[in-house]
Amino acid sequence: MSKKPVALIILDGFALRDETYGNAVAQANKPNFDRYWNEYPHTTLKACGEAVGLPEGQMGNSEVGHLNIGAGRIVYQSLTRINIAIREGEFDRNETFLAAMNHVKQHGTSLHLFGLLSDGGVHSHIHHLYALLRLAAKEGVKRVYIHGFLDGRDVGPQTAPQYIKELQEKIKEYGVGEIATLSGRYYSMDRDKRWDRVEKAYRAMVYGEGPTYRDPLECIEDSYKHGIYDEFVLPSVIVREDGRPVATIQDNDAIIFYNFRPDRAIQISNTFTNEDFREFDRGPKHPKHLFFVCLTHFSETVKGYVAFKPTNLDNTIGEVLSQHGLRQLRIAETEKYPHVTFFMSGGREEKFPGEDRILINSPKVPTYDLKPEMSAYEVTDALLKEIEADKYDAIILNYANPDMVGHSGKLEPTIKAVEAVDECLGKVVDAILAKGGIAIITADHGNADEVLTPDGKPQTAHTTNPVPVIVTKKGIKLRDGGILGDLAPTMLDLLGLPQPKEMTGKSLIVK
């Protein structure tokens with residue numbers, strides 16, 4: 001008996017917008033896509049911003065898109081998750097933060113807040129520091145000290161003064177907090193085992209060692225005079241009139257490290273939390289019985305409390321198909337192979353039982369605008385053989401071209417990329433329909449829909465435009481207002497499988 005496969009076909013970087021100028025999707029000759037769009041139920045999905053777990057207005061990307069598609073739910077990235085917690089009041093109820101604050105109140109000790117002092121949003125966000133200051137004031141914590149790591153990398157190289165001034169205004173507004181040390185991220189956020197750098201930051205915070213200044217802005221001005229900008233500012237100590245440090249980290253203090261990205265937070269965290277630390281001599285005043293809080297899970301090696309614990313993605317589409325004994329195929333060329341495997345499975349490398357994978361090599365060319373068809377024809381040929389062999393109940397396929405060629409910001413090659421994919425799409429969908437199967441044709445984010453700026457310059461970034469979804473089954477109706485997290489529930493619906501509770505997305509098929 002022949003299988004009737006349900007195929008999820010992802011046209012990477014293929015979104016829709018009305019304006020045709022600079023729009024390779026609109027300008028391409030794509031008879032197959034147009035035929036399916038006209039003949040079958042269709043709608044559009046939001047693939048950016050909070051709909052995929054990113055900050056509102058932020059463009060989607062392939063990793064985030066495939067995570068959301070496979071998970072069948074919104075997968076919140078750390079920055080967004082914390083922003084939402086602040087907005088909805090959950091941040092102020094966080095048990096780990098409250099425990100740290102109770103610890104210092106019970107011991108009559110100090111709370112130290114350290115992290116990257118910018119709104120770059122890559123490693124940290126200064127608004128999270130402000131939320132902690134506000135919470136400390138609300139909880140009646142009196143001694144709150146800030147150890148600011150200066151950025152200059154994810155933001156401009158001489159932006160520290162504006163962040164320090166803004167922080168000083170917040171300190172005044174909340175009536176709590178003092179800046180105790182400043183250090184360029186080169187020292188405090190090293191990740192390359194340059195322990196001499198980390199040691200300088202540590203000794204400033206614990207021993208009050210390093211250049212001293214009465215005023216944080218004076219520290220920055222002095223560095224700038226010597227041609228040393230934010231990222232490289234030497235770990236420096238802010239002192240009172242009598243020359244003593246505003247604060248050093250001592251026994252029974254609490255630390256909240258408000259960076260959310262782990263890689264550059266691990267070394268300095270290990271310096272404070274590891275009993276077996278051997279990288280440099282921490283000296284006689286190394287603080288004991290610290291209550292150390294990481295904003296997110298940094299590493300197994302960091303012995304601290306975690307404020308926002310990782311969310312495990314259980315019951316992704318691949319796992320559910322496997323649990324029901326269905327055979328599934330994941331297929332893509334090199335550029336998007338991790339996306340249909342690792343990211344589609346919620347960050348899991350191993351295959352599920354009953355899952356097969358086909359990797360087609362991407363062409364070896366300097367840039368893909370030189371070969372806009374990439375390996376789409378080879379992917380298609382390999383897939384047509386598998387459809388013919390009647391092996392799979394479910395297929396997940398990615399065509400990389402609209403995204404990878406779209407990144408060139410060149411219109412003509414991107415039009416050719418879309419046309420090549422359309423030709424392949426026609427062959428695959430018609431083969432699936434011939435078997436009595438169903439195709440879900442969609443995309444993960446925009447790109448090829450906007451490859452020129454209004455003044456004709458290359459536009460190489462992703463877009464925030466809606467992506468299409470077509471379900472090649474007549475007699476059904478699709479609802480509007482969907483998100484990428486609704487695709488897995490739709491696929492399960494078409495396969496007649498129950499949706500697990502972890503999948504909070506909803507089938508697009510109107511019942």
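Quick reminder: no glycine exception, Cβ is built from N, Cα and C everywhere.
Taken from Swiss-Prot, the feature active site, phosphoserine intermediate covers Ser62. What Swiss-Prot records for Asp12, Ser62, Asp444, His445 is Mn(2+) 2 binding site, and it gives experimental evidence as the kind of evidence. Here Swiss-Prot flags His123, Arg153, Asp154, Arg185, Arg191, Arg261, Pro262, Asp263, Arg264, Lys336 as substrate binding site. What Swiss-Prot records for Asp403, His407, His462 is Mn(2+) 1 binding site. Per Swiss-Prot, phosphotyrosine is recorded for Tyr36, and the stated evidence type is sequence analysis.
Known features from Swiss-Prot, placed on the structure.
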residue : record                 : Cβ neighbours (10 Å)
Asp12   : Mn(2+) 2 binding site  : 26
Tyr36   : phosphotyrosine        : 22
Asp154  : substrate binding site : 16
Arg191  : substrate binding site : 13
Pro262  : substrate binding site : 18
Asp403  : Mn(2+) 1 binding site  : 30
His407  : Mn(2+) 1 binding site  : 21
Asp444  : Mn(2+) 2 binding site  : 33
His445  : Mn(2+) 2 binding site  : 26
His462  : Mn(2+) 1 binding site  : 25
Note down the number of other Cβ atoms within 10 Å of the Cβ of His123 (substrate binding site), including every protein chain shown. 23
Here the recorded positions are Ser62, Arg264; the one whose Cβ sees the most other Cβ atoms within 10 Å is Ser62
How long is the line from the C-alpha of Asp12 (Mn(2+) 2 binding site) to the C-alpha of Asp403 (Mn(2+) 1 binding site), rounded to the nearest angstrom? 5
Express the distance between the Cα positions of Ser62 (active site, phosphoserine intermediate) and His407 (Mn(2+) 1 binding site) as a whole number of Å. 13
Provide, as an integer number of angstrom, the distance between the C-alpha atoms of His445 (Mn(2+) 2 binding site) and Arg191 (substrate binding site). 32
May I ask for the distance between His123 (substrate binding site) and His462 (Mn(2+) 1 binding site), taken between their Cα atoms and rounded to an integer number of Å? 21
List nothing but the largest Cα to Cα distance in Å, as a whole number, among the residues His123, Arg153, Asp154, Arg185, Arg191, Arg261, Pro262, Asp263, Arg264, Lys336 that the record says bind substrate. 33
Taking Cα atoms as reference points, which of the binding-site residues Asp154, Arg191, His407 is nearest to Asp444 (Mn(2+) 2 binding site)? His407
Beyond the site residues Asp12, Ser62, Asp444, His445: chain residues whose C-beta lies within 8 Å of the centroid, for Mn(2+) 2: Ile10, Gly13, Ala47, Gly60, Asn61, Gly65, His66, Lys336, His339, Asp403, Ala443, Asn447, His462
Cα of Asp403 (Mn(2+) 1 binding site) to Cα of Tyr36 (phosphotyrosine), in Å and rounded, measures 21
